[in-house]
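Q: This is the structure I have questions about; it appears just below.
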Amino acid sequence: MATESEPGRRRRCCTQDALDVPKAPECQGDSDAPRRGSLCDHRCAAINNVQGDLGCHQHHPRVHAAVSPLPCCQQHSEEVCESCVVKTTLTAENVVEANKLSNNYKFGFKKWKSHVTARPWEDRSEIVKELYSDLNVIRGSGGSTVTCGNVLYLLLFGWWLSLLYVLVAAVMFVTVVGAPYGRLCWDLAGYFLWPFGKVIQKVEAPKSHRALGACEAGAEASGAGESSALLGGPVPRRWRLRCWEDEGYWQHASTVAWLCLGYPALALAHGLVCVTAWLLVFLIPVAKLSARTAARVLLLPPEQVHVRRLKMTEVPLDAEVILCCYRAINPYYYKYAVDGINVFAVNLLPLVLVTLVLGYVDSHNHLTSSPVKFTLALLSIMPLSYYIGMAIASISAQSNFAVGAVVNATFGSITELTFYITALIKGSREGNRCYAEIVKSALTGTLVGCVLFVPGLCMVIGGIRHQEQRFNSRSAGVSSALLFLSVGGVFAPTLFSKVYGKLVCGECHNVTQNPLGHYLCHNCHLDLMENNGTLYYSHVQPLVYTVSLLLPAAYLIGLFFTLKTHSHIYDIHISDCHMPGHHHSAVVHWSRWRALVILLLSTLCMSACADLATEHISPILTNSTISQYFIGVTVLAMVPELPEIVNGIQFALQNNLSLSIEIGNCIAVQVCMLQIPILVLFTIFYPTNFTLVFSDLHVYASMFSVVLMNYIFMDGKCDYFQGTVLVMVYFILLAVYFFAPSPSGC
């Protein structure tokens, strides 16, 4: 987002992702200069490469979701042309991406970093293109192949794969007819021991001749025809098939022996390597290596497979390259995506299936224990939260404002509400008030974590790359005002009960043996049900219902203020600037119907996982020595928010701290103004033990967090030190919750 600056101050206005986009030249301009509708051609070419949430950032008043190409001026001087002072701050490849970027800056809409459309391949960086390569590109000079990652491959996979190939080669030699495949396995044993800097090529097989007298001559002629700079000489004699009167029979028998005795074991081994390397993400090159070997190399005739080591300056050109790998680990594979889905979300999806099967099939805990099932259910919430977030962003980007607002309001908090409601239902059925206290702890933990931990962590990580980060203090001020209002409203019934409630203690002891001395009391709580609940039903409960009506109303007023009457405070404009020869038609990853189906299925699975989590949390609450407060404010509160935390970190790394802050503020506001009123409304139709009266620890922690956040965000700029302060305060509060006694009655 644009940052506030003094009039006349010239500043850098182009940002980029150093890993995924080409370097864009800097453009400068006067923040008070008049708007213009043109760009320099050489600037347009650079700006267009800055995809998604990257681009030229300026300070301008309106948010426009629609995009239209801007004509470029014909100035090509080294000086900065006046048209660089444009009304655009963000560039988008197409209308769908423009809508998604615009939605990111709308209050109440889910902020989403990943693209919802396929990015033009020509605009991707070489690093990203390498991630999607088929490991068949030969470099002129690959450098040393002795790296830590390659040595790790040798220790994890290389030695036993090589040994397996040696054993299979011995078996094939024993069969006699499988000798050609035995020789192939012997060559591949050396390759898979250390495949780096080596190449597997497909060469033309020697022509067969039925006449025994012409066999050797024909083979030599064929070998001479294959001699080239690529192969460095004729085909080795060991690859030549023996010439018998019925050679076709021997070829057929060799293939049958290979498919029955050799290939299955090797395919199984490569499948195991492929799955393991894929799950480790950064070893995906090894997964590709194994998959291509099992699907291509091992199914070729042995005389067509040639393994050789490349020289430093050798670049073969004459034969098809099947495999060529230089390193086993690529640290940039965290950016890898499958159909627009991040690889980590793809890898965690099978965990959801395992959780559901174990949870509902093994209901009597014969296979696994309750803590294991609870952990699996909680971890399954993370990928489901990701799929729900991407589905919401996809639907909103492809729909009008009304549909996007309805989808965000309906499903924006579905992850947390699903868990809270299932926990309250279980607590009501068992008559256990601990579940209501866990829900209150989770609500408080989400509020405190999103106010302190999320923006603080983003400031620290973003501050490592950027010395000082600026953000829109006016938009942050709106969220801060709503947070003050929401915290005051949520804790108003608690403060009311503190003033008028009666303190009741379970057991008291006179520590001084003096009737007028000091008493030590245990299990004390405020009794709101004195005189048949007159205080609660006549005073506290009406106050709770009043607050639950006023908070959503205030949320709607905030939406109307930020999206309609005062939308200019966000200073965002979305523009599309075309490069010559580029086509920017939107190719969406998920269509609206597909996104809707995924959204509904993810919500259904989320409900099942939340049910399993609440079903198997009882042993943890009863047998654990850790305070239930701590479990609620950490695990149950922050695990569902991990996808949002990742989005905030990505925005901060791109020097877009405004969105990082808005992610935390938006979640915190929704907790107080939407989730809590919905839970109160739910208790009207389904009576539970949930009351809007929190413990003193929750009240003090929440109010202190909101005050500290507003103090930090006062000047519209921050650095890693201020982020460290927020994170440290959050950890101090966690320590308080860790050593706090469990709620009374639990």
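Each Cβ is built from the backbone N, Cα and C atoms, and glycine gets one as well.
Found this in TrEMBL, in case it helps:
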{"type": "DOMAIN", "residues": "148-198", "note": "domain 'Inner membrane component'"}
{"type": "TRANSMEM", "residues": "151-174", "note": "transmembrane segment"}
{"type": "TRANSMEM", "residues": "256-284", "note": "transmembrane segment"}
{"type": "TRANSMEM", "residues": "336-360", "note": "transmembrane segment"}
{"type": "TRANSMEM", "residues": "372-389", "note": "transmembrane segment"}
{"type": "DOMAIN", "residues": "372-491", "note": "domain 'Sodium/calcium exchanger membrane region'"}
{"type": "TRANSMEM", "residues": "401-422", "note": "transmembrane segment"}
{"type": "TRANSMEM", "residues": "442-464", "note": "transmembrane segment"}
{"type": "TRANSMEM", "residues": "476-496", "note": "transmembrane segment"}
{"type": "TRANSMEM", "residues": "595-614", "note": "transmembrane segment"}
{"type": "DOMAIN", "residues": "595-737", "note": "domain 'Sodium/calcium exchanger membrane region'"}
{"type": "TRANSMEM", "residues": "626-646", "note": "transmembrane segment"}
{"type": "TRANSMEM", "residues": "667-686", "note": "transmembrane segment"}
{"type": "TRANSMEM", "residues": "692-713", "note": "transmembrane segment"}
{"type": "TRANSMEM", "residues": "720-740", "note": "transmembrane segment"}
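Show me how these features fit into the shown structure, please.
A: Remote same-chain residues near the transmembrane segment (151-174) are listed as 181-186, 188-190, 192-195, 257-258, 261-262, 265-266, 269-270, 273, 276-277, 283, 286, 328-329 (criterion: CB distance under 8 Å, separation of at least six residues from the stretch ends).
Beyond its flanks by at least six residues, the transmembrane segment (336-360) meets 114-116, 118, 131-132, 278-279, 281, 284, 367-368, 373, 376-377, 379-380, 382-384, 386-387, 390, 589-590, 605, 608-609, 612, 615-616 of its own chain at Cβ-Cβ distances under 8 Å.
Tertiary proximity for the transmembrane segment (401-422) is limited to same-chain residues at least six positions away from its ends with a CB under 8 Å from its CB atoms, namely 65, 103, 108-110, 381, 384-385, 388, 391-392, 395, 439, 442-443, 446, 559, 599, 603, 606-607, 610-611, 613-614, 636, 640, 670-671, 674-675, 678-679, 682.
Remote same-chain residues near the transmembrane segment (476-496) are listed as 107, 447, 451, 539-540, 543-544, 547, 550-551, 554-555, 558, 561-562, 569, 658, 661-662, 665-666, 668-669, 671-673, 676, 691-694, 699, 702-703, 706, 709-710, 713, 716 (criterion: CB distance under 8 Å, separation of at least six residues from the stretch ends).
Proximity of distant same-chain residues to the transmembrane segment (667-686), defined by a Cβ-Cβ separation under 8 Å and at least 6 residues beyond the stretch ends, is recorded for 108, 409, 412-413, 416-417, 420-421, 424-425, 428, 439, 443, 446-447, 450-451, 454, 479, 482-483, 486-487, 489-490, 544-545, 547-549, 551-552, 554-555, 558, 641, 644, 692.
With a threshold of 8 Å between CB atoms, the same-chain residues lying at least 6 positions outside the transmembrane segment (692-713) that come near it are 440-441, 444, 447-448, 451-452, 455, 471, 473, 476-477, 480, 483-484, 487, 490-491, 493-495, 497-498, 526, 528, 540, 544, 547-548, 629, 661, 676, 680, 722, 725-726, 729-730, 733, 736-737, 740, 743.
With a cut-off of 8 Å between Cβ atoms, the residues of this chain six or more beyond the transmembrane segment (720-740) that come close are 441, 448-449, 452-453, 455-460, 462-464, 626-627, 629-630, 633-634, 697, 701, 705, 708-709, 712.
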Q: With DSSP helix as H/G/I and strand as E/B, how many residues of the domain 'Sodium/calcium exchanger membrane region' (372-491) fall in helix, strand and coil?
A: 104 helix, 2 strand, 14 coil
